[in-house]
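Single-structure report; data block below.
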């Protein structure tokens, strides 16, 4: 009876010994005090990677040395995120001057594998006129109502050291692999600065937390070696030539193992064989299906199966009556969110049988007509394109979305009709056309809106659009991602107030899940590059598109225009280059640029800075719609 038990024990111990040997870390440095020092960070020549040098002092504290003799204490280290947090310097006693001004602030050596993350919001204070002019032209927000003034008035340390100081700016740093400075402090420009990490601009200054600077490190490569003996601490590796650097050798993992840059080990490559990879990669999915997300996925699968069967019946030349039956079933689920189910007779009468004279617009989804109901109400009627299954499902999707929302800056769905050959939606009528039409001509009043639209109204349009999108992201459960934010989907009513429209491509998010994986759809020029490349739809995808709309409002230029120079076809690239070169005002729409007051110029620059943040290539570096709405509100208060 004991032999099987002994055999099992022996087998288990053998496995433990095997796996522990395959995951032995390579030269990790000893703890500094009570703080673990993960690979590749190095506190000595015989551990870690020497290129990732930090210091451990005699008191058990870690320090990060930067250029010009400056050094900052390390507060926390996140090895999985490959980042650590520094404590920035404070003020000199009773002066609005940073302690490290003689070192010119925190600047990194561009030859080392560190860079500043995009999580940092930097406030610079005590600026000269030259400093304000220079930084304002570089895209910093130096307006009278900017965030930095709230900090000066509410932060106890700043208020004590900078009493009477009114000149300041703020900006977001980082967001690229070549950002090597937090701020270059100079007495002839701005002599004090402070940094905060993951700052929520909507909360009071008193709740900002302690100052911090987040630094990223690049994933380390395999250790350098001269002979196989140098690889003895990295099991399952062999010293061989580095094909990317002639004359250099590295400890490369043997076949069947792969380099784990976080733990500095050669781990078993469980996906080296297709079957094995498939088996292991399914484990997280099976765990997820056990929860609420799994229920949603299962429901989606069932729905897709039903729809697929219906599509096959349609393909078999059966009548559209079966499609209408499917729609009727779907709509009955959401009927409590609709004001009314219209008859086919009512719709035909309201639109004069879809007369061309009532046609308001058309697109891939179908056509939109103006209609008049018997009670005198003017409505907009959207009809799916005949024979186009995709447009039908977009309309059904729009019903499912709009039945769940109600906001003054979102177009209101009044009802639907499923008696006609194609499904129809009925909306409130928004009489002043789209923002696109007004910017580029053909709008509600005939000529372009910009002949009489001042900067304040443009800011109000931006603010109301942001509020509508923020409602979708923050107040809906689950969140809703619009997926097609653009100037032609922003309607303007008789008071030029915003109604965000066209939810045919919108998607429901999943609570507590960072993104929805879906095929990239949207409009060229507005499409989030991360969404396009990775198929990960998030709230930040809408933020990117909104940033493009802000650029349109500022410049009166189209998102994509092949009449511009080849390198400037994309509006984001065009304006980003102007911001980087400090000449934003050169590309501002002359209608608001020429003759603008100093405060208006500051407001335009502040909006340009916000727009540039919204179109950051990395979604984590973009603000939320709530933060964007709050910042535009602050800009509005300044003019």
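Residue numbers in this text run from 1 along the chain shown.
Backbone N, Cα and C atoms are what each Cβ position is placed from, and that goes for glycine too.
Residues 115, 317 are shown; Swiss-Prot lists N-linked glycosylation site for one of them, 115. Between 241, 334, Swiss-Prot assigns N-linked glycosylation site to 241; no such entry appears for the others, which is not proof they lack it. Record note: among 262-282, 283-303, 346-366, 367-387, 283-303 is the stretch given as transmembrane segment by Swiss-Prot. Looking at 68, 432, Swiss-Prot tags one of them with N-linked glycosylation site, and that residue is 68. The two recorded residues, residue 126 (N-linked glycosylation site) and residue 141 (N-linked glycosylation site), have Cα atoms 14 Å apart. A Cα-Cα distance of 42 Å separates residue 368 (ATP binding site) from residue 141 (N-linked glycosylation site). Within its own chain, residue 68 (N-linked glycosylation site) has 103, 104, 107 as residues 6 or more apart in sequence whose C-beta sits under 8 angstroms from its own. Nearest neighbour of residue 141 (N-linked glycosylation site) by Cα distance, taken over the recorded positions 360, 362, 366, 484: 484. For the recorded site, residue 68 (N-linked glycosylation site), the DSSP three-state label reads helix.
The secondary structure of residue 115 (N-linked glycosylation site), as reduced to three states from DSSP, is extended strand. Comparing C-alpha positions, residue 366 (ATP binding site) sits nearest to 484 among the recorded positions 115, 241, 484. Sequence-distant contacts of residue 360 (ATP binding site), defined by Cβ-Cβ distance under 8 angstroms and a gap of at least six in the same chain, are 368, 369, 370, 380.
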